[in-house]
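Down below is the structure, laid out as structure tokens.
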2 protein chains.
Amino acid sequence: MELLILPLICGIISLIFLSILAKNITKEKVGNEKMKEIATAISEGAMAFLKKEYKYLSVFIIVLFIFMGIFLSIQAACAFLVGALFSMASGYVGMKTAVKANVRTANAAKTGIKEALGIAFSGGSVMGLCVVGLGIIGITILVYIFNFNIEYITGFGLGASSIALFARVGGGIYTKAADVGADLVGKVEAGIPEDDPRNPAVIADNVGDNVGDVAGMGADLFESYVGSIISAITLGSFVAVSIGNNALIYPLILSALGIISSLIGILIVKAYKGEKPQKALNNGTTVAGFLALILSSGACKYLFDSLTLFIPVVVGVIVGIAIGKITEIYTSSDYKFVKKIAKECETGAATNIIEGLAVGMKSTVVPIILIVIGIIISYIGCGGMKDSMIGLYSIALSAVGMLSTTAITIAVDAYGPVADNAGGIAEMSELPKEVREITDKLDSVGNTTAAIGKGFAIGSAALTALALFASYTQAVNLESINLLNPLTLVGVLIGGMLPFLFGALTMESVGKAAGEMVEEVRKQFREKPGILEGEEKPDYARCVEISTRAALKEMILPGVIAVLAPIIVGILLGAEALAGLIAGGVVTGVMLAIMMSNSGGAWDNAKKYIESGVYGGKGSDAHKACVVGDTVGDPFKDTSGPSMNILIKLMTIVSLVFAPLIVQFGGILFK
Amino acid sequence: MELLILPLICGIISLIFLSILAKNITKEKVGNEKMKEIATAISEGAMAFLKKEYKYLSVFIIVLFIFMGIFLSIQAACAFLVGALFSMASGYVGMKTAVKANVRTANAAKTGIKEALGIAFSGGSVMGLCVVGLGIIGITILVYIFNFNIEYITGFGLGASSIALFARVGGGIYTKAADVGADLVGKVEAGIPEDDPRNPAVIADNVGDNVGDVAGMGADLFESYVGSIISAITLGSFVAVSIGNNALIYPLILSALGIISSLIGILIVKAYKGEKPQKALNNGTTVAGFLALILSSGACKYLFDSLTLFIPVVVGVIVGIAIGKITEIYTSSDYKFVKKIAKECETGAATNIIEGLAVGMKSTVVPIILIVIGIIISYIGCGGMKDSMIGLYSIALSAVGMLSTTAITIAVDAYGPVADNAGGIAEMSELPKEVREITDKLDSVGNTTAAIGKGFAIGSAALTALALFASYTQAVNLESINLLNPLTLVGVLIGGMLPFLFGALTMESVGKAAGEMVEEVRKQFREKPGILEGEEKPDYARCVEISTRAALKEMILPGVIAVLAPIIVGILLGAEALAGLIAGGVVTGVMLAIMMSNSGGAWDNAKKYIESGVYGGKGSDAHKACVVGDTVGDPFKDTSGPSMNILIKLMTIVSLVFAPLIVQFGGILFK
């Protein structure tokens with residue numbers, strides 16, 4: 001128990017560190033009046049969305065809180081509440097920082113790339129530290145209060161997952177609706193450039209980057225982070241009798257050491273004085289990763305007097321990085337797949353779509369094989385063949401290991417949208433071209449490093465879901481889940497169908513929301529012809545409002561389905577059918593997540609590749625074809641794809657938390 | 001044993017009946033010289049493809065025959081050989097008839113729709129009767145010789161499934177390559193109408209309809225038909241001890257009675273003298289269905305002295321029809337989904353693609369729920385809760401019930417391509433416009449009834465795969481398949497990934513083959529400018545050759561993966577991992593099959609809907625957008641989607657047939 005002080009201290013240190021970083025950002029100069037004005041509009045729009053979203057979510061939270069209080073326990077309900085609030089807090093802090101850092105990055109870019117990197121990366125770091133700080137503090141305090149009673153602690157994970165799903169879906173719909181709306185009418189129909197202040201949807205578009213890529217991603221990673229730790233603690237509680245109580249604390253120690261390593265990595269990036277930001281980011285990430293591994297090996301030796309349980313940590317890190325690298329190969333224009341997609345644009349949009357879908361589908365192969373190898377090595381390497389629980393615990397540890405340096409991963413990931421936003425502000429406030437060039441460069445250098453973050457997200461989602469799945473079966477006292485039982489198969493089929501339904505709903509939502517935005521922008525151009533001449537000011541607020549309303553309305557159904565489906569199947573068909581549902585959901589969910597994210601990423605980069613001048617460059621027929629792919633890819637990679645990762649974990653954790661209910665009432669159809 | 005005479009006689013009757021029909025078709029007039037010339041070109045192209053395909057396949061068959069002879073038994077190898085040869089024979093007979101019926105249908109259409117229907121439907125009936133006749137005769141003789149030893153009989157299913165996969169994939173690639181090639185250069189670039197004799201790919205396009213929609217579909221349905229019967233016999237052998245040996249014969253009797261019912265249905269259609277072909281088809285199908293049910297209930301009562309095992313037959317028929325209806329709702333322009341897709345074309349190709357994909361994904365929900373309900377009712381209704389084997393047997397019976405009237409289902413399904421081809425011949429030989437109108441009408445009236453056929457294909461694939469899966473676990477002596485075993489989960493993940501890989505490969509193959517065709521057509525137009533003026537004759541044979549070569553080359557890899565993956569996983573990771581692979585493959589395979597077929601069908605009909613005049617009709621921007629969707633949908637609905645159904649059954653039956661090998665050598669990685 002006394003070892004719990006380490007994660008707590010690390011959590012507090014990261015919160016202190018982030019307040020310093022945040023204060024330093026605030027101290028930086030905002031720039032001229034016009035920049036201030038635009039930044040304020042973006043900031044207000046983003047905050048207005050978050051406020052409204054949180055209002056909706058509070059209804060959901062209260063309902064589920066009461067439901068849990070009645071049917072489960074008040075402790076679980078409280079843990080859920082804390083998880084939900086902490087998740088919302090990470091989203092809030094991240095976004096609050098991002099909307100400050102964006103304009104200051106734009107202003108610093110006037111001086112040079114080094115200065116701009118400093119501020120943008122600080123913004124990302126605040127977000128990363130907030131996620132891990134709140135995550136580890138929350139879990140540490142709860143395990144202390146509830147004395148590692150997992151029936152309560154898992155409530156924290158449920159809070160984190162459910163908010164993450166809503167935030168990802170809502171934010172994803174918002175950002176894509178605004179993006180598509182702005183592009184379709186502005187760029188294509190009116191022929192004005194990206195981020196042009198005459199475009200009524202331009203502010204909404206920039207708000208979207210913040211609510212989708214920053215707040216949505218923050219909640220998403222918060223849930224990955226705490227999900228993996230909680231699944232490992234849960235399985236740890238089943239192996240504590242055989243390998244000692246340190247099994248409970250090990251995941252928290254790993255995470256704490258990861259925070260220390262990340263902090264050092266962040267300091268290395270911040271201390272960088274050269275002109276190549278890519279190098280700074282690489283150095284920081286690499287040092288953090290190695291440091292985390294070295295410290296973890298020490299912790300493992302100290303806690304278990306053996307290095308066996310260090311194996312899954314290494315496996316997790318390697319698998320995560322490998323998936324990231326594979327992701328890059330399938331989605332970067334340096335490799336043959338994106339080049340092939342670009343080539344197919346020469347014969348039109350249809351061949352581009354077919355090739356993009358095929359690349360996405362094919363890109364599932366290697367990540368799945370890597371995950372499979374990771375599972376087998378972790379399981380067998382730690383003695384799973386003799387004691388299956390230890391093997392499963394070890395699988396959970398590999399997810400924790402993968403995510404231990406989450407802080408710096410997020411810092412690298414989240415600084416992209418800040419730089420992107422800075423570029424938008426530079427454009428809208430008509431700063432010199434060099435400023436935009438610097439922010440563009442900053443945005444692009446983060447992409448390679450960010451690919452590793454995506455690999456971690458996919459890999460950890462699969463592993464965490466499997467670990468949570470194992471915990472669920474323990475919680476409902478299933479000794480085995482027999483696939484030969486037709487009810488299990490029925491569950492597998494239903495579970496396998498849900499990600500398809502979920503993907504369809506989220507894609508259609510983007511379409512609907514984007515459609516409303518398109519109409520609004522067209523209307524403004526029609527009713528105020530002065531806008532395009534630059535004589536009249538467009539009504540930015542109206543576009544922001546439309547995105548907000550549409551995104552929030554559309555996020556409800558998919559979110560509610562994800563929470564209710566497992567409970568309904570469990571109650572109607574029983575615990576084994578629900579286990580099948582989880583397994584089916586994980587398998588199709590992981591495939592669709594990889595496929596949609598990679599197809600989307602590949603289309604995006606194929607477009608950029610053509611815009612760089614090949615196959616006729618901008619304005620050519622090939623370019624028109626690739627824009628179609630890019631537009632299809634938008635909801636793929638920024639809404640439906642990333643939500644899948646959360647969906648599979650949410651369905652699993654819902655099952656785990658409501659296990660007592662399922663045990664008591666499950667399978668009423670056959671009673 | 002003496003009851004086996006019934007299926008044998010029914011099989012022989014259908015072969016006799018089909019020879020009469022075929023002879024009658026041959027007696028009909030071919031028409032003028034030009035028609036004869038075109039028909040000969042199509043016929044020769046189709047036969048050339050089939051010959052080459054069968055040459056490739058014979059290598060595969062010989063290799064697998066020897067392998068099975070060495071590692072399994074000579075009996076199983078022989079059964080495999082018979083299955084493969086019979087499958088090839090059904091494809092051959094069906095196509096031979098179709099290429100005779102097409103030109104005669106065109107000629108008869110000069111007289112009237114009734115006459116044209118008569119010939120086209122005879123063509124379809126020959127195909128249907130050939131499939132069921134050869135299928136039931138093959139199985140009956142084998143069960144007689146091998147005395148219901150399922151270790152040998154399943155070899156017949158393996159032969160049917162493997163040939164079906166190659167034929168479906170090869171035929172699917174051929175038809176779409178020719179179609180896309182002809183359309184892209186002919187219709188879009190050169191601006192000449194569909195089926196214009198100036199288009200060098202026009203003969204290849206018409207050949208494609210035969211090798212894809214007729215020969216490919218024939219092999220496909222042959223495998224569904226025998227697969228369902230074999231899976232039921234296999235499970236019957238496990239329940240024979242408890243419910244009597246009649247369990248072994250019941251599936252064959254159901255199929256025999258289905259043949260009788262289908263024959264009567266076919267006679268009703270043929271006897272129809274009115275002017276509404278839709279009515280004739282509906283009447284025939286409905287009568288056949290009800291008759292089959294009535295006869296089946298009698299057989300059930302006679303064999304088991306109870307109607308319990310009649311329940312799954314009814315369930316199967318209802319579920320099949322319901323899935324067909326749902327398929328129609330999602331893919332016909334009479335309902336909101338296709339209308340929505342058409343509407344999205346107004347905002348461009350991208351929104352059309354997004355909506356089409358979303359509709360396809362959503363369309364998985366109801367069929368899965370129907371299948372699930374079917375499984376639960378069949379399983380529980382027959383006492384599966386007390387004896388799980390009886391429940392599983394019952395699930396297999398519902399697939400047999402669903403497919404018992406396959407003969408008339410195929411007749412209705414296969415007459416479409418015949419009518420379509422007749423239209424092409426009418427166009428190319430410049431027959432009066434009314435002729436084309438009649439063939440178009442014939443083609444379209446079949447579509448509604450054909451939707452039910454698709455429902456049967458999807459529903460029976462899922463149920464048959466589950467039944468074969470259960471048989472596999474018996475064959476490898478697994479009492480249960482524990483999803484908690486990480487190796488099972490690993491299998492589920494790999495299995496879930498395979499349909500994605502398979503879909504990607506087949507889609508890319510279509511792209512590659514179509515690309516070659518596009519280049520060839522462009523080259524001919526360039527080198528012989530007289531073609532477009534109608535002064536020079538295009539080189540049809542060259543296009544036929546290109547399609548043939550490309551399709552055969554591209555069919556190998558997907559086919560080999562499907563056969564080898566289960567064996568490799570079984571040998572390396574063991575029987576339980578292989579069970580996981582099958583389950584994972586079934587779940588994602590079924591979803592992708594439904595999604596791809598329905599997205600493709602919906603795009604196709606959205607295009608036709610717009611061409612009927614809405615949203616600006618032909619030539620409008622909406623029309624251009626919908627053509628993109630239609631082109632993406634082509635490989636979806638005619639290559640990748642339908643192949644998925646075969647893939648999941650093939651992987652399962654490979655596992656079942658090679659079970660003895662898996663038992664002996666399985667899991668070498670962990671030994």
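Glycine too: its Cβ is placed from the backbone N, Cα and C atoms.
Marked as site 'Determinant of potassium dependence' by TrEMBL: B:Ala450.
Residues or ranges marked as transmembrane segment in TrEMBL: B:56-86 (among others). Within the same chain, residues 134-135, 138, 142, 146, 149, 151-160, 162-163, 166, 222, 226, 552, 555-556, 559, 563, 657-658, 660-661 sit at least 6 positions outside the transmembrane segment (B:56-86) and bring their C-beta atoms closer than 8 Å to a C-beta of that stretch.
The feature transmembrane segment is assigned by TrEMBL to B:119-146 (among others).
According to TrEMBL, the feature transmembrane segment maps to B:152-169 (among others).
The transmembrane segment feature in TrEMBL is assigned to B:225-243 (among others).
Taken from TrEMBL, the feature transmembrane segment covers B:249-269 (among others).
Tertiary proximity for the transmembrane segment (B:281-304) is limited to same-chain residues at least six positions away from its ends with a CB under 8 Å from its CB atoms, namely 121, 243-244, 246, 249-250, 253-254, 257-258, 260-262, 264-266, 268-269, 272, 310, 313-314, 317, 321, 401, 404-405, 408-409, 412, 445-446, 449, 452. According to TrEMBL, the feature transmembrane segment maps to B:281-304 (among others).
Under the heading transmembrane segment, TrEMBL lists B:310-330 (among others).
Per TrEMBL, transmembrane segment is recorded for B:392-412 (among others).
Annotation comment: TrEMBL describes B:456-475 (among others) as transmembrane segment.
Among the features that TrEMBL reports, transmembrane segment is placed at B:555-573 (among others).
Summarising the annotation, TrEMBL assigns transmembrane segment to B:579-598 (among others).
According to TrEMBL, the feature transmembrane segment maps to B:646-670 (among others). Non-local neighbours of the transmembrane segment (B:646-670) in the same chain are 68, 71-72, 76, 80, 151, 154-155, 157-158, 161-162, 164-165, 168, 220, 223-224, 227, 230, 234, 461-462, 464-465, 468-469, 471-472, 475-477, 495, 498-499, 502, 562-563, 565-567, 570-575, 577-579, 581-582, 585-586, 589-590, 593; each lies 6+ residues outside the stretch with a CB under 8 Å from one of its CB atoms.
Residues 53, 56, 60, 64, 162, 165-166, 169-170, 173, 487, 490-491, 494, 498, 501-502, 505-506, 509, 581-582, 643, 647, 650-652, 654-655, 658, 661-662, 665-670 of the same chain sit 6 or more residues outside the transmembrane segment (B:555-573) yet have a Cβ under 8 Å from a Cβ within it.
Ranking B:152-169, B:225-243, B:392-412, B:579-598 by CB pairs under 8 A with the transmembrane segment (B:249-269) puts B:392-412 at the top.
It is B:310-330 that, among the stretches B:119-146, B:152-169, B:310-330, B:392-412, forms the most Cβ pairs under 8 Å with the transmembrane segment (B:579-598).
Contact check: the transmembrane segment (B:392-412) against the transmembrane segment (B:119-146) gives at least three Cβ pairs closer than 8 Å, residues 6 or more apart, which meets the contact criterion.
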